[in-house]
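Annotated features, as they stand in Swiss-Prot:
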- 1-28: transit peptide (TRANSIT)
- Pro124, Gly200, Gly201, Asp202, Thr230, Ala231, Met284, Thr341: S-adenosyl-L-homocysteine binding site (BINDING)
Amino acid sequence: MALVQRIPISSSSIRNWQQARTNLTPICCLHYNTASSSSSPFTEKHSVERYQRDQWLYKAVEPTPPSTPSPSPFEDEVFVRENDIASQLPELKKLLAVLKEKRVKGCKGGDCGPGDVYLVGTGPGDPELLTLKAVRVIQSADLLLYDRLVSNDVLELVAPDARLLYVGKTAGYHSRTQEEIHELLLNFAEAGATVVRLKGGDPLVFGRGGEEMDFLQQQGIRVQVIPGITAASGIAAELGIPLTHRGVATSVRFLTGHSRKGGTDPLFVAENAADPDTTLVVYMGLGTLPSLAQKLMDHGLPSDTPAVAVERGTTPLQRTVFAELKDFATEIQSAGLVSPTLIIIGKVVELSPLWPHCTKESSCLVETR
């Protein structure tokens, strides 16, 4: 049985970004209730709330009375599927027409270039980890396309007259294909809009930002990347884990648990990944962790290597499981961690001030916020 520890960490430094904003008429409406919205972007319920929030309505709409029941958790997935953002296409076309007309009127001599596209990393979850440049760009955007891992706290920074469009993906459900996202970015940039593509973490670390940048540059669109704090850095700092440390770890390696080829076997694990002097950080690795852990031990990584899994890192819902590699997969399953979860494997994990709370005989589930 896992040893459960509750370690209090002061939340006084966490700014309250969730003040009610009733003036966001271009963004809100339908059944969205800003007063009751949680900051967690990771459940289907919040996917529904985001869908409702992001309806682009160009006419006055009375909000649904608070007494109106929202879909039950069991209905959420069906609700999201039946209300796919394809229903927003008519409004997208309207917005494109408005932007194109505005662009033509504002042009001098009929020579107008396309708008700019920014790929913006929003960090691992805590809005205070945003860069100043990211905040400035977010607040100046005409249109923002955002992913599942972008927190509601970050979305509260969007200007009142900006337009939001959710293009996130979950296992088994993609609100938009990658190709459709490319076309949306291109069409609005060609219409002269300032377009921001919001991504969790860093856009160029397992975020497919390179694909979007390459596509747009081939179409003659200028793309600027605003880096974000990737989950590995943000979460390691949160737990006091140095990813490299003199005499302990001389390198760090980022891996992905999702292979484009599919399947459950982590094909990305090579023999040199089992180097005891290397820190391994695995993104999206919950499904392949049992195979990964076994393969690492088969290649010589000691079975007592410290490891940690962090669910929803740097957010108020963060949960953390510490364990030795031989018990890691079992303890994660026992704790019921869900995506998004980051995994760190290596001797540096033992340097975390939270690690001494765990005994050699037991794993440790820590709720740190």
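Placed from the backbone N, Cα and C atoms, the Cβ positions cover glycine too.
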Out of these binding-site residues, Ala231, Met284, which one has the fewest other C-beta atoms within 10 Å of its own C-beta?
Met284
What does DSSP assign Asp202 (S-adenosyl-L-homocysteine binding site), in three states?
coil
Using DSSP with the three-state reduction, classify Ala231 (S-adenosyl-L-homocysteine binding site) as helix, strand or coil.
helix
Given the binding-site residues Pro124, Gly200, Gly201, which one has the fewest other C-beta atoms within 10 angstroms of its C-beta?
Gly200
Under 8 Å between C-beta atoms and at least six apart in sequence, can you list the same-chain neighbours of Asp202 (S-adenosyl-L-homocysteine binding site), or say none if there are none?
Gly121, Gly209, Pro227, Gly228, Ile229, Thr230
Once the chains shown are all counted, how many other Cβ atoms turn up within 10 Å of the Cβ of Thr341 (S-adenosyl-L-homocysteine binding site)?
24
For S-adenosyl-L-homocysteine, whose listed binding residues are Pro124, Gly200, Gly201, Asp202, Thr230, Ala231, Met284, Thr341, the greatest C-alpha pairwise distance in Å:
16
I'd like the number of other C-beta atoms within 10 A of the C-beta of Thr230 (S-adenosyl-L-homocysteine binding site), please.
24
Is Thr341 (S-adenosyl-L-homocysteine binding site) helix, strand or coil when read with DSSP?
strand
